[in-house]
Amino acid sequence: MRNVCPSERIPVQEKIQKNEKFKPTTSAPSSGKGNDTKEQRGPKIPIPTNYRKAVKYVRIAVEEKRNIQPLIEKDKHFRVGRTLVGRVLSNMPVIEAIYKQLELASKEPRLNEWLAKVLISELLFGSGRLVGNSLPVECMMRYEAQLRTALTDIEAKKSPAGNVKEPRFVRINTNLLNVEGAKRLLAEEQWNLVEETFTDYRSFLERVKKLGDAEYMQDYHFPDMLVFPHSAKSYWARAQHLSDKFVLQNKACLLPTYLLKPPKKSVVLDMCSAPGLKTTHLACLMKNKGRIYAVEYDRARYALLCEYARGFGVIKTIQSDCLEVTDEQVPGVQYVLLDPSCSGSGMLQRQMVPEPIDEDRLYKLAGLQYKLLSHAMNAFPHVRRIVYSTCSVHEMENEGVVQGVLRHNGHFRLLDARKELGKEWLNVGSPEYAGIGERCLYAKTVDDLTIGMFAAVFERCPEGVVNEVYVAYEKQKHSYDVVAQKMSRQKKREGQNGQSEDTPAQHEVQEKSSSKKRKKNRE
């Protein structure tokens, strides 16, 4: 029998008391104010691995704005990763609105913000339950009723665009596969092509809304764009074996590239090119012949651009501020695509929950956009055509920028984008901008089932053709100058008349002043 040290001889009752402190306790529901009485807790229960990994990838996608798909694919221990992370990201605006509405940051300061958002996503948009009994999971479960009430309130306030079930748009990479080859490949994947003819755009859109789960269509405007039902998003998220031949890209993003329509062997400048989807589409339109200079300043986004451009010999990437790019660096540029930083108010996620308009931010963005567009018009002498586009729905970033540039650059004119597109389009710009709004195009979520997009087409004025907006503005400035000169002369005359007609009080003061001066001089 083992000898027991005196210190080991502990009474049974004392042992029970010591062991009790390690048992998990059942805590009362939180008051939601973060100041509940501290209670004894058992051993720390780890957070499920799927939740921890989801937090990691969601944070990278949102904060660092990196492409997380390659990272998730390499993570062999995160099988549900794409679905779990995709669910969080696709519902992020609603999740953030709920997080703020319940004031979870202040009520639960020890709860990691990204973990809270992942758990909210699972409760409200996923399985409807949470796995495990870790402290964060228990904490979030205490708020379940409040979370569901907040979701109901936000759903009721959604804009019409927020309720649209957008189709899954897929572009064919015609650098590797032609349209007929794509159709044969999709038939092998058990997809059925809807071969119907449409006389107008609206009837096409109505048919898109009725697509069956195994059906797809060729787009009304763009032959290399295919349209699948909303339910196909899960298929295309998994179809990695097709990722080199098909590109997941919203239809509205093809609007500026088709409006630029550079022929093969031309020289193109994509001023703000990352991540590179529009750049690679331009390469496809040019049959991978010619030269595309793709410029990006941000290091992380530039790395992503290089990744997308790898298979296209026509693309030359440049890491630089596009305002510093000169004609010597990109010789012979004939076509320019400018899709600059913008508010992103046209993105589907941003339209889910109405956002307050930040006028100061829009003003700063519009100023930058004006500089970039003016640079495109003046820094490259051989440029023939420029397409300016944004994923914003705000006129200040769109028609306002176009108007400002046209007023100060007489050597470019605004073309009618509808005529340049060559097919029916539903929405144009605001009538508040006469001579401008009706020549610009808008893609709108409610009408086109796409993200919100704006596009304008500029052309260098041919000989004998003038920029009407510039001429009208110069005449207006001249008339203002004439009026200002007249007012200035009138003020001068009034000033002279006023000096000769002093009031009696003014005359008395002047007399006293003169008398004092004369007296001082005599002394």
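Glycine residues also receive a Cβ, built from the backbone N, Cα and C atoms like all the rest.
Here TrEMBL flags 1-46 (among others) as region 'Disordered'.
The compositional bias 'Basic and acidic residues' annotation in TrEMBL covers 11-23 (among others).
Marked as compositional bias 'Polar residues' by TrEMBL: 24-34.
Summarising the annotation, TrEMBL assigns domain 'SAM-dependent MTase RsmB/NOP-type' to 158-461.
Cβ environment of Glu296 (S-adenosyl-L-methionine binding site): Cys272, Ser273, Ala274, Tyr302, Leu305, Thr317, Ile318, Gln319 lie under 8 Å away, each six or more residues apart in the same chain. If you look up TrEMBL, you'll see Glu296, Asp321, Asp339 marked as S-adenosyl-L-methionine binding site.
All protein chains shown were included, and the count of other CB atoms within 10 Å of the CB of Cys391 (active site, nucleophile) stands at 22. Per TrEMBL, active site, nucleophile is recorded for Cys391.
Taken from TrEMBL, the feature region 'Disordered' covers 484-523 (among others).
The compositional bias 'Basic and acidic residues' annotation in TrEMBL covers 504-514 (among others).
One way to see the shell of the S-adenosyl-L-methionine site is to take the Cβ centroid of Glu296, Asp321, Asp339; the remaining same-chain residues with a Cβ within 8 Å of it are Asp270, Met271, Cys272, Ser273, Ala274, Val295, Tyr297, Asp298, Cys322, Pro340. Separating the Cα atoms of Asp321 (S-adenosyl-L-methionine binding site) and Cys391 (active site, nucleophile) is a whole-number distance of 21 Å.
There are 22 other CB atoms within 10 A of the CB of Asp339 (S-adenosyl-L-methionine binding site), with all protein chains counted. Cα spacing between Asp339 (S-adenosyl-L-methionine binding site) and Cys391 (active site, nucleophile): 8 Å, rounded to the nearest whole number. Mean pLDDT for the domain 'SAM-dependent MTase RsmB/NOP-type' (158-461) in this predicted model: 95.
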